[in-house]
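Taken from TrEMBL as is:
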CARBOHYD  A:Arg150  N-linked glycosylation site
SITE      A:Arg150  site 'Required for activity'
SITE      A:Arg157  site 'Required for activity'
There are 2 protein chains.
Amino acid sequence: MSETGATTILKEEVDIVIPTIRNLEFLEKWRAFFQPYHLIIVQDGDPSKVIKVPEGFDYELYNRNDINRILGSKSHCISFKDSACRCFGFLLSKKKYIFTIDDDCFVAKDPSGKEINALEQHLKNLLTPSTPFFFNTLYDPFREGTDFVRGYPFSLREGVPTAASHGLWLNIPDYDAPTQLVKPLERNTRYVDAVMTIPKGTLFPMCGMNLAFNRELIGPAMYFGLMGDGQPIGRYDDMWAGWCMKVISDHLGFGVKTGLPYVWHSKASNPFVNLKKEYKGIYWQEELIPFFQSVSLPKECTTAEKCYVELSKQVKAKLGKVDEYFNKLAENMVTWIEAWEELNPSSVPSKSDVLPNGSAK
Amino acid sequence: MSETGATTILKEEVDIVIPTIRNLEFLEKWRAFFQPYHLIIVQDGDPSKVIKVPEGFDYELYNRNDINRILGSKSHCISFKDSACRCFGFLLSKKKYIFTIDDDCFVAKDPSGKEINALEQHLKNLLTPSTPFFFNTLYDPFREGTDFVRGYPFSLREGVPTAASHGLWLNIPDYDAPTQLVKPLERNTRYVDAVMTIPKGTLFPMCGMNLAFNRELIGPAMYFGLMGDGQPIGRYDDMWAGWCMKVISDHLGFGVKTGLPYVWHSKASNPFVNLKKEYKGIYWQEELIPFFQSVSLPKECTTAEKCYVELSKQVKAKLGKVDEYFNKLAENMVTWIEAWEELNPSSVPSKSDVLPNGSAK
């Protein structure tokens with residue numbers, strides 16, 4: 001599809017969600033690409049601080065006071081002083097597609113020197129099917145100039161709906177604290193010109209820096225957990241969301257893509273601070289991955305909400321013994337879904353439930 | 001590792017296997033890269049025809065008469081008048097690594113214009129571990145300039161031995177006949193600068209045009225089936241080998257990589273001829289894929305040979321009803337292993353079974 005086509009059609013169906021603690025000068029660099037879209041800014045930290053947003057952007061901004069006011073007794077499910085608070089924006093949005101980006105990510109250039117419209121590429125990824133059941137060696141078969149290769153079963157070529165599009169980063173790679181400490185100078189300079197579906201049954205480390213998803217299909221699974229202030233870990237918010245989202249997408253028959261688009265990640269976070277946030281996650285993860293690899297959801301779970309509630313039960317039953325934290329997390333997973341259902345009542349038909357002539361299905 | 005390092009160390013451990021029906025002028029283009037290595041040429045078709053090999057190459061050439069003489073009553077397991085005959089070269093080799101390439105594949109150039117040493121890249125892929133249990137979003141973590149990303153479990157970072165390296169093609173993509181007919185002018189111009197492990201449990205369409213593998217680990221599973229003269233299908237030889245090899249690699253804990261290196265595929269084969277060869281494969285495949293996706297090998301199968309014999313039994317039991325051809329194929333799978341064991345007696349310790357001081361393990 002042409003860039004203009006996708007942009008025009010989808011302008012009203014996309015929200016850009018940005019968690020931040022600072023003035024958003026970085027938006028100046030994105031003006032050409034983001035200005036047509038609506039922004040949801042989630043202020044992470046001291047609500048008395050005033051965040052400046054460059055002129056001309058269409059945005060709403062929520063701080064902790066707003067979160068408490070809007071969610072009331074459920075507000076504890078949203079993390080404080082951690083970018084995990086971004087999922088509050090997912091909850092509030094009424095749009096079909098979400099693009100979320102960190103405020104230290106800038107416009108990257110492709111090898112020809114052209115500035116990359118990251119949102120545009122994410123929409124292309126989300127609007128074309130995924131192929132999770134069989135690997136295509138020439139990568140995304142729906143991309144222009146390529147196709148399914150010889151030996152790809154014809155019955156699988158229709159593909160499945162794409163739930164999420166995971167973009168990458170040039171310059172500072174998304175490394176954990178130990179790797180940052182060992183390789184302080186490593187920079188990602190390799191532009192890999194590919195988009196691919198992560199196969200069914202395979203988990204991956206989902207980074208929240210440059211991520212888009214179909215909120216109608218998978219929004220309720222995009223909970224970024226409990227991190228930051230008062231919690232024993234940080235920097236596992238996006239990982240948690242990614243594991244939950246992937247097993248639920250696999251169960252519901254949706255696809256997850258990774259690869260293009262790149263953003264330019266400008267600065268490495270402090271590895272010592274990161275180590276403190278991560279260290280429990282690093283060893284808990286060794287039990288979390290086998291758990292997620294063996295999760296099985298019953299047939300009755302036909303929506304992301306139902307899957308997520310069922311998953312919370314399995315988290316409690318199987319991870320509660322790893323640490324008390326997971327019991328608390330499991331409870332907050334349920335609170336998150338309650339908040340989701342309150343703010344997104346299913347009685348209001350979503351766009352996709354409405355036929356072209358306006359009558360409900 | 002440096003290019004020179006890998007080349008020097010491995011020169012004596014690599015055979016290049018080429019199936020052909022014509023004079024091998026294409027080797028002139030590869031001289032700089034292939035001349036240090038030993039070639040095994042398998043003549044495909046009329047044995048009375050003399051195949052010319054450019055001067056200066058170290059090679060052995062086998063035609064159908066040689067195959068019949070060497071394998072005797074087992075020679076029926078090697079296809080005639082089809083490039084599937086290449087696996088005769090795998091059987092005869094005594095080397096640890098095999099690189100097999102078609103004679104219509106030339107040296108490709110990377111985006112900087114540098115000629116790609118395909119064999120060198122395959123050896124890099126084979127000499128570094130694979131990561132089949134979890135997806136790394138920055139692709140092969142063992143490549144220079146990259147690593148495992150945040151959230152990749154530390155216990156999985158050692159990786160597993162790499163059994164096979166599947167390279168790609170610029171110019172003419174490896175399409176099936178229907179796609180060739182629909183898109184006669186499509187050319188692959190996209191250089192994707194990546195190598196990745198195909199996750200455990202995921203099948204892929206393995207193309208034999210540009211392929212390398214560790215013969216000690218997976219050689220016995222690299223049987224290219226019964227194709228060509230007297231057989232009901234063609235152009236599924238490499239697919240068959242790929243499906244068998246992948247389920248066996250998954251079972252034995254080996255990895256399979258795809259991506260770099262590219263070769264320049266010079267000419268598309270005739271789509272009408274291809275359609276005739278492929279059409280049964282195209283519909284049989286719809287039953288073959290679910291079969292391979294559900295194959296389970298018992299614990300006692302601890303070598304590629306044992307796995308392959310067990311797989312032949314399952315082929316007979318479950319695919320025999322698809323077509324009588326699969327009963328015949330299953331029998332020839334067993335013959336292939338008998339031939340393998342005859343020509344590769346396990347009493348002779350392979351290099352990897354010998355300790356540095358020369359004593360057997």
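FYI, residue positions are counted from 1 along the chain as it appears here.
Cβ coordinates are placed from backbone N, Cα and C, and glycine is handled just like the others.
Across the fold, the C-alpha of A:Arg150 (N-linked glycosylation site) and the C-alpha of A:Arg157 (site 'Required for activity') stand 12 Å from each other.
The Cβ neighbour count for the residue listed as 'N-linked glycosylation site', using a 10 Å radius over every protein chain in view, is 23. On its own chain, A:Arg157 (site 'Required for activity') has A:Thr131, A:Pro141, A:Phe148 as residues at least 6 apart in sequence with a Cβ closer than 8 Å to its own Cβ.
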